[in-house]
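Copied over from TrEMBL, here are the features:
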{"type": "TRANSMEM", "residues": "B:27-44", "note": "transmembrane segment"}
{"type": "TRANSMEM", "residues": "B:64-87", "note": "transmembrane segment"}
{"type": "TRANSMEM", "residues": "B:121-143", "note": "transmembrane segment"}
{"type": "TRANSMEM", "residues": "B:155-177", "note": "transmembrane segment"}
{"type": "TRANSMEM", "residues": "B:183-206", "note": "transmembrane segment"}
{"type": "TRANSMEM", "residues": "B:226-246", "note": "transmembrane segment"}
{"type": "TRANSMEM", "residues": "B:299-320", "note": "transmembrane segment"}
{"type": "TRANSMEM", "residues": "B:425-452", "note": "transmembrane segment"}
Amino acid sequence: MYKGYEQRDGGISVEKIVLMQNISSVEHFLQEGEVPRRVLEDISIIIKRSEIWGITGGSAFEIKLMLEIMANIRSYSSGRCVLIERGMPMHKRIILSHVFYIGGSEMIYDNMNVLEFLMLAAGKLNDNKLELQEQIFEFIIDMGLGKISLTANSMLTKEEKAVVILIAASYSDSAMIIFNLPEYEFHEELVNSIAKISKFIRKTGKTLIMGTCSSLMIERSCSHTTFIAGGKLIYNGTVKNLRLNFDKVAVIVRDKNLRGIMEKLAVLLPGHKLSIKDGRLLIESLTEKNKKTGYIYKKILETGFVPEYIETNSKTVQNAYEELVLQYDLQK
Amino acid sequence: MIYRNSYFKKELRQAYTENRTGTNRKMAFALFQGLISFAIYFVLQTLKESVLSDVAPEIMQPSFFSTVYIYIHLAFIFNTVYFIIYYDYLFFSEIRKNSWYLLVQMGYSPASMIFSKFSALILSVFTIYLVGFIFTVFLTIFLKYPFILSYMPSLYISGLVDLTLITILLMTFSLYVKTITNARYLSLFSAVLIIVLKTALGHYNVISNRVSMQSINNLFDFGRSLYFPAAAAIMAACCIICVIRAGNVAKYYNLPARYYVLPEGATVANEDAATGKLKLAESMENVRHSKIFDTVSTALLIFLICAALIFNVLIILINISAPGKEFSIKGIIPYVFKSDTMAPTIMMNDLAYFKRTDSRHMFENGDIILFEENNVTYVERIIENMESGFKVDIDNYPPMSQPGAMLKTVPGKAVRGIYVGRSRWLGALILFANTIVGRLVFLLLPAILLFYQRQVANIYSRRK
């Protein structure tokens, strides 16, 4: 599959693709009745080769700005930023061959269809057009975008256009692709396509850094994630760790009599936090020792109730981030 | 189907989604321009007996020169409109939208893209112009006018220079103008600028002269007009600017003019590196400017609609004027003069103004009066003031007519008004307004704009 593209990584063999140390932005937020604050403050992050990062947070502007700084599009006030172990050019916005930045969907040509546009974009990569078209078409279908492959670009939504540009970027020689569209709302089908494209990007040895406000996107596509709150990074690590460490809900119970079950369980499950949210009883283990779900199931049965529905929580990024923000707000 | 489009081929297609459609539309556009030129020539022929024949004989003559002369000017106007509509596809604004950023990342060279874009646009413009030119000549053949080849190359080159100049000017401007609305205003401004330049440098005197245009050398005779060297200098300067600027802009990722996705109620200030002070980063100036432009253009449109409608009402009132019931504004009777009996004081189809008079008015010999006889309105000059009335006669007897045939004695009570002036252009305009095309322009279009202005505005804003 996609012959000839597995090994293409722009000839870059470095490991550290992005190194940001104590970066503070030039931009400040001004809000009536509040003290001006830097949009980004003391940002430190290391992004390595073949990693897929989801940069998220409460403000799309903060996310966007962080990735613009990372892509050498905006300057920063203080700190250090190094791209692929080479440093950062003084000239801002200058095109860097190792950074493919996607900050909007206008760069696509509206008077072409998707396949035709990708053929034009990838035209310099292979002189054999027949072979190239076959590869691209196969790729589009595999990404689950077959139905739009012959649609005129002018008919696509801005989110669909962005995905088409991401496909083009995945064929480029750039070592890092920055997909900076936190203001876009991708529906599930497109999220799945992006997840498949990100797998392909990872396989070719490139790094994808996405700015997004969608937890689903991070969950499906990313290996790593970071969360910006109040201009600072409050989490920085793998998606797996985030889900395991911050989504503490072990078991979810649904029943008409949730209050009754909760009262009984409060006695039977010391060291657990019980709460009702959106018509569900959420059971969290507060200690390592009590984390086993089998133990909680046993205790539920001991209450004498037979709940209509019990499930083991699958640990979502959304829940983890909610918990993370809650903790951050409490600390503040 | 295998897509083998190069960047040049994509550019040749212009705004259309298929190469074939692009070519067909361009050809259709060329034929349309030729056809419209021909139609305008016919409309102008209905105004032959008006001021236009004296002022612009070059467009009124029964000759190939007139149809082609109209075509070269119309091609300029139509191409400007075409450029304004498809501005996004035709000029360098795609660099600002970062379309080139993507292609550069995919291995395309900015230099070759600049060259491809430029040559594709020029090639398209030249082809459309040539086809339209040939079609106009072809249509004129049916009028059986004598075909004079010698002024064809001069006319062709003259139109081509105008088109090349506006194309290159807009290409250059597109590298500097950030918003599409401003770019469109600037396109209009460029077209006006070229017309002003041609007038100021005496180019119109050269090209409107059928005799001088029979030699192509007269176009390049700098003693007659400096327009060609001026155009050549502007084009050369623009080409250099284009290559340097486009190459420069293509090296950078272009940020949108304004910040986006800002939290509600927040603005952004940038820290000055030297002083550490905060300066507001975004300005509402662009928005304010575009609001001023919108207000001005809306006001202008309303003014034009109202003027057209008022003009129509005026024409209707003048047309329904009958002897004894002449329509007047503040005592002035407007009267469309339909003969050349008073030439050269009042020419055929002039709008003459007569001051309403009563029996106490003292007339003098030489006054031109409007009077009524047997329910017919006449305009003649007083040659003798008599007790019983006035002896009047016309100034100009048509050839083959009996001099003195119109000599009359008019009783004082039959006089309706005395001649105070004329407007040759308003007369021509009324003549035009009475043609079918004139009715469409002055009545139907304003009516559509007046009643469907919201729908028209919606279409415009959607396109924007």
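Including glycine, each Cβ sits where the backbone N, Cα and C put it.
Caution: TrEMBL annotation is automatic and unverified by curators.
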Quick one: do the transmembrane segment (B:226-246) and the transmembrane segment (B:155-177) have at least 3 Cβ pairs under 8 Å, skipping pairs fewer than 6 apart in sequence?
-> yes
Taking the transmembrane segment (B:155-177) as the reference, which of B:27-44, B:64-87, B:183-206, B:299-320, B:425-452 gives the largest number of Cβ pairs under 8 angstroms?
-> B:64-87
Is the transmembrane segment (B:183-206) packed against any residues at least 6 beyond its ends, judged by a Cβ distance under 8 Å, and which are they?
-> 76-77, 80, 83-84, 87, 91, 93, 158, 162, 165-166, 169-170, 173-174, 177, 212-213, 218-219, 221, 224-228, 230-231, 293
